Amino acid sequence: MKANRIWCFFAWRMVVRASFLKEMDSIFVSAIRQNVQHTHSALLAKLKEPPDPDDENSWLCRISKKYDACGSREYSDKGLKGTYCPEDFCCSKTACFYGSCGSWCHDNWALCSSSIIYHDEYSYGKCNCKRFQENCDVNAICVHANREDGGAYCQCKEGYWGDGKSCKIDFCQLQPCGAGTCTRTDEGYKCDCPETHKLIVVEDKETCKAKPDFCAEEPCGPPSMVENCVNTDDSYECVCKQGYEVRNGRCEEIDLCADKPCGPDEGVHECVTERQPKLRYRCTCKAGFDLTTLPDGVSQKCLKNFCYEEPCGTRDLVESCKSKAYGYSCLCAAGAMVQVINGKEKCIKADLCRNDPCGPETAVIQCYSHGTSYRCLCKAGYTEVFVNGKSSCQKGDPCTLNMCGGNEAVQECTTDGTAYGCTCKPGYSIAIKHGQKFCNPEEECASHCGSAAAVKSCEILDSGGYQCTCNPGYVMRYSDYVKGCVEGNQCSLNPCGEQEAVQRCIPEGDTYDCECNPGFVKRVLPDGNFICADPASCVGNPCGSSDAVDACIAGTSTYTCRCKDGYTPQSIGSKLQCLPESTDQTDFDSKHKPEDNKGRYSKGTIALVVVGCVALLGIIAGGISYARNRGGERDDEDLAPPPRSTRERRLSSMGEGFENASWASSVSMIPSAPAPPPSGGIWS
């Protein structure tokens, strides 16, 4: 029995427990459902609530929360005028509560009782559209704010804008600006257009119109010239790359040469505009014009070279010619002077005898020009003497005038009245200056010409240099180690050229001849000597003299000639030369053909020169042979006679007839002046 009671107790307990749990679950689920429903209702209510108006002035009336403003009432810290609702009892915007007592609120202020205070105008649900919507604009509606602190406000109808109490037409609703931005104004609206559009006014109304794409068809030109094309309101603008400029609405090449910056066409061969690495122009000038850099250091111009045609005169008279902007000036060589002829300068041979530098008529037969200086022909009893480089006729014979030098140098001086000879003391040797010999310190000539045994003559030149003539068996050699006359002949110096080109060198007295290997030709060098050269080379100036030749250009199989104005390349046999344009081939061949079958020129030439009414006779090159081609061989490279040898060039017009004077040891005889010819004429 007792066990049954215990079992019943536990059974009952379990039933009660189950019932309690079931009831609790029911309560919990119900609470959750209520909470969800409440939340859902709140969300729906919130979604249905209209938003607050944009403008505070849109409100007609409003339910206040605590501490919110009560209409137009003012607040005083003395508590006389209530403005804020300190507790939760306010039910309208103008409901006022202050203190523990209250009464109806009036326009000003009132004492308060314990009752809730309402403003009669808005209290008890009177804040609604039914009562106040007449305060809205005719183009507005009244809207209830369905929320805890709700109220009523005005809202402009669609197509209008404002605070609801005053509504204006909303022109922006019609999107009058198109792609632009429309902004409402009191007067209407305004448009702000994007860069792709422009603002236009049509019938006093603004709108945005799309700009045409003027650049679509590449009006500025190809991309290689154009940096950018920019559309404007009514057109386009071109931005060109370096080296190009806008012309006629397109990018065109900048032609820096269009304005002829190089100068007039007469002097410009070519003007080229260069665009890389930077924009510039380049000039090449015609013959007779010089490319000149202007003072800005950048610009160039072809300026006329007024010296190109050698207006100052022949080269022997001219030291230099300086071309200027509008003319030239001449600097004449020694023995020449500037003379203005028809307003232009020219160097003419100076009349150095004009002031009778040789002396009085009692002493002088004649004063005559001699190179860039003058010489004196003296009467009997007078001798030509040089003092400080100037010649004059001094009374006395050569020996009494110490022509050989001072006693310290001269062993003996002998004279026959017209010629004199010098015997020098040891340590001195014969030297020549101004055509007159004297005893000079031996080491002076030895240091320039070589030993006394090797040197035939040592001539001191006006320039300060030395001209040496070697004895037979000696040749002149200049090198880093040897200078002067050394033992050997002309061929010992290998003058004919490289070994592969030379078959043999043939010595001929003080000169030589060359025989060349097959494939090489013999040419004449500017100094009159020969050399074996490659026929395609320019060795030996095969094109001719510098007066005619602008350039010789070597090739692989032949050479070519570029000639100066007035000359043209012409073939003479197998040789190409620059010759005057009027040169006849037959005349040229006959003028340059050797007189005998061995290629030798005449051995002696007699020159008759007439000065005023006096005939002057002189032997110019007696006994000198121009033998240059042995065995009768003809060489087309050898058409003109070479210049005179060193010995020939050394002879002056005063001494040529007396070169046979003795030069044995240190004794020599030389005339102080040439004897008058049998015809009674005089020497010049």
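Cβ coordinates are placed from backbone N, Cα and C, and glycine is handled just like the others.
What Swiss-Prot annotates here:
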DISULFID  CYS172-CYS182  disulfide bond
DISULFID  CYS177-CYS191  disulfide bond
DISULFID  CYS215-CYS229  disulfide bond
DISULFID  CYS220-CYS238  disulfide bond
DISULFID  CYS240-CYS251  disulfide bond
DISULFID  CYS445-CYS458  disulfide bond
DISULFID  CYS449-CYS468  disulfide bond
DOMAIN    168-203  domain 'EGF-like 1'
DOMAIN    211-252  domain 'EGF-like 2'
DOMAIN    441-480  domain 'EGF-like 3'
CARBOHYD  ASN660  N-linked glycosylation site
SIGNAL    1-18  signal peptide
TRANSMEM  604-624  transmembrane segment
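Shown are the disulfide-bonded residues CYS177, CYS191, CYS215, CYS220; the one with the most C-beta atoms within 10 angstroms of its own C-beta is CYS220. Nearest Cα neighbour of CYS191 (disulfide bond) among the listed disulfide-bonded residues (CYS220, CYS238, CYS445, CYS449): CYS238.
Using a 10 Å Cβ-Cβ cutoff, CYS238 (disulfide bond) registers 22 neighbours. Taken as a whole, the domain 'EGF-like 2' (211-252) shows an average pLDDT of 88 in this prediction. Across the fold, the C-alpha of CYS177 (disulfide bond) and the C-alpha of CYS251 (disulfide bond) stand 36 Å from each other. According to DSSP, CYS220 (disulfide bond) sits in a coil region rather than a helix or strand.
Each of the disulfide-bonded residues CYS182, CYS240, CYS449, CYS468 was scored by the number of other CB atoms within 10 Å of its CB, and the largest score is that of CYS449.
According to DSSP, CYS445 (disulfide bond) is assigned to a helical segment. The two recorded residues, CYS458 (disulfide bond) and CYS220 (disulfide bond), show a Cα separation of 82 Å.
Among the disulfide-bonded residues CYS182, CYS238, CYS445, CYS468, the ones whose Cα sits within 10 Å of the Cα of CYS215 (disulfide bond) are CYS238, in sequence order. The two recorded residues, CYS445 (disulfide bond) and CYS251 (disulfide bond), show a Cα separation of 77 Å. Over all protein chains present, the Cβ of CYS172 (disulfide bond) has 18 other Cβ atoms lying within 10 Å. A distance of 73 Å separates the Cα atom of CYS251 (disulfide bond) from that of CYS468 (disulfide bond).
Taking H, G and I as helix, E and B as strand and the rest as coil, DSSP gives the domain 'EGF-like 1' (168-203) the counts 4 helix, 18 strand, 14 coil.
Fewest other C-beta atoms within 10 angstroms, among the disulfide-bonded residues CYS229, CYS251, CYS445, CYS458, are seen around CYS229.
CYS468 (disulfide bond) carries a strand DSSP state (E or B).
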